[in-house]
């Protein structure tokens, strides 16, 4: 009543501004507060303070308090913020902030410039070296004896010089200061070479990494074991063994991957009459009928003379419907009376009942593209000693990691390292091995080794080992010319890995690649790595528990000062990481291997150990594929060992924090190092825990995303151009350029191209959403089925552009992703935990959030009010 | 350089007129200048370019009456330039029949300077196979001879008995190298259509254009609506087919493909 109406109007406008900023209507309390504030401004303040209209000051100095609708704790927040503004922060430091940032940027720019300066120079040198290597005239070299002799001399001299240098670098003990200079030099060299393209820089990085790692292992074995304390010695010895194991794997891995062969398809004879006859074996046990059908349809339409193909379904499940189907489409059906030897026995049974010179093996869920044999058989015909040609396994459905972590297509999947790089690297050393599917074998060598090996549960690798021993060659094609289903659930994935691990350990005992006669040393190393790789279970568990012995039990597993540990272990890890990121980045992002390994570590530890001692025990378990996960659930059984490890690690962290604060001050360095290690382990374990939440998968036929032009034909005679977005065995989705006047349920035809021909298929509209049409296939004849598979799954180009989206690896970004996945694991664990824990944690978190909300906030002066609140408001929404 | 393309059917009814009109439209949409000439007595090309039925003007009428040739030029609402044939009286028709060869020589001479440097001249002919002598001047001056056919038994028969015969223009190498066959009215839902297409692909090889034109009701509908296909049904497959055909024409005359023609 005291105010004049124009002032009232003014106040209302100002209040509305506050409401707009917070996008919420004001409460009675808020109106009173604001009224008071506006009056205060009007009577006691200048119209503008610090360049801001005084009635708006609250928005600037109390950005976290909604004065138009104050809540209960806002009073406390107001007091805390006021005290903070009065006592701690009287001037805005936002300007300083900018300066610090700019300065940091400047320094960063200068440093990276330093690395760039020699880049050009080194690039030139690199090119000179690579060119001179490629220009060496080998014929001249072999003719001239003197050149040859001097060449050998130079090589011996060079090698001995290098060996001496390497020994010095590895073994000479350095003071900590000298060691730090040494690692800085190594690191700088790596950083400069890292960006150069080509293979020579990769080799250089490998050399640096080997140097750093070997130096670390040398230092660890000579100066970090405490010989006076038995428990520490035993535990330290175990950790050291695990580290030596990892070091060996690292070296073998470098050896295997340093020069991938990148084999290319070779041309076939022009006249198809000269093409060989092929027996195609499709072993099956209990897979669903529609999965087998797709593969058979693809094979029936494959580009190869029909009279030179014999397709055999090897049904170990003796199923009537499969037999019926094989009769319908005219392929051979073989069912054994007995089922010994599992898949290997099944193939051997069929081998005895067929006679073509070449045998192709496909798992029943691997669909070959139509060009499969045209791209592969040329290699066979050009090399009579070639016994095996393996092609990449490519999966078009997400594996459990991709599905449960929802990163299908963003992060290279678990198998792509092996099929993209490792096998290709093996190929250089003539030791690419059989993977059980999508491969062609020559019958003669296969029969010479007694058919597919039945002594071990990984019959595939064992068979190729036997053939390599007889001097036959193998080849590998990494082009994706077939595609299959990945394992459905994590437990199936783990079961599959258990089988592989057990089988590899069995081969290691029965036919040890190091001792077996007939192999070249390169082949020995490649097979050795393949087998040792699966012994990673125990070392992995050792790494996950090692720091706990120090944190919980005061045992010095690494008997060295913290600083020394950092100075030695850091280059070891950094260089391994940089080098692997460069070599494998396209096929595996950094740190993801840790999660993949951790998940199976516990489960393969026991079977591999048993198989090492009792190689003849064990059975063959079939990997289930193409199933459904009807409801999301948490696989507690599978995750139990990791939950136990998580428990220990959390205990370790808590006790470590206690020791940090209240323990003896001399231990702080060691405690912090071990704490960091444990925290990292916790995140990795979190990743393993996250994967155990099985996301539901309700679609029976996994869809394959594509972008292929197709034609829709309506019964009215209208023909419309469209784009196929995805397809599955049951139907497809298409997008038209405009929404069409049609309804769900309507029937139409879709014309797909396969090669030069066009094929037409009857479909029904299942759903329609604007321009997107979901279509289901109507009943098709067998020939139409064949055509459909040829136009979709078996197209030669379907998988070529597949998953090429985000293939580059950035180690730090990848680390962040892995840590996020780890965090997600604990979130999921909490979500699935018993009610009591769920709610207590929930309220605890809420309490922490409330307390945290009382903290003072930075104020903003230079920005416009609306600019500042816009993002805030979005958060609130 | 001007590019002259002769478009003709084997027996009539293959849709050569439709192809001419829609190809002209598609080329215009790629910012190409075109000039279409109807040389068929039916005088139907004008229908595709939205000319009123009452209009009986045309270049043949002008030539018969010694009126200036260029006065018969029209432009469609989409901006495509074309010469309708015109509706001849009985007397004019008889006169046309007797002096056919001269008329087409005149036509060739009149056309050559028209349309500027990069213009596409699409010339639609009828009774082409049997009467190649009449069209010799046009044939000699053309860059592509595009024969439209539908994948069916009668066209297959004509192909073997007429086109591949010793008397045919196709027998002469200088004509053969610029001949292309274009499949129109392809019915993917009909097995017989697919089979004949496959046979044609096998036998004609590179003489067959890679673009196959699908049968589409939208073509007839656009004609009934007196508008072009690309406006009436832009998302129809036929519209895409003609676009593809236009692109093929461009790539056929691109310097990389045809070093001699760029000179």
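Including glycine, each Cβ sits where the backbone N, Cα and C put it.
Keep in mind that TrEMBL annotations are predicted by a computer and have not been checked by a curator.
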Correct range for transmembrane segment (source TrEMBL, candidates A:476-498, A:499-521, A:591-613, A:706-728): A:591-613
Annotated range (TrEMBL: transmembrane segment) out of A:525-543, A:734-752, A:753-771: A:525-543
TrEMBL annotation of transmembrane segment - which of the ranges A:670-692, A:785-807, A:808-830, A:831-853 it falls on: A:670-692
Interface-richest range of A:153-170, A:200-219, A:525-543, A:549-570 toward the transmembrane segment (A:176-193), CB pairs under 8 Å: A:200-219
The domain 'Glycosyltransferase 2-like' (A:280-449) [mean pLDDT, rounded to integer]: 91
Chain residues in Cβ proximity to the transmembrane segment (A:525-543) (below 8 Å; excluding those fewer than six residues from its ends, i.e. six or more beyond): 238-239, 241-243, 245-246, 248-249, 252-253, 255-256, 426, 429, 431, 433, 461, 465, 497, 500-501, 504-505, 507-508, 513-514, 519, 597-598, 600-606, 608-609, 612, 645, 681
Of A:153-170, A:231-255, A:549-570, A:670-692, whichever stretch has the most CB pairs under 8 A to the transmembrane segment (A:200-219): A:231-255
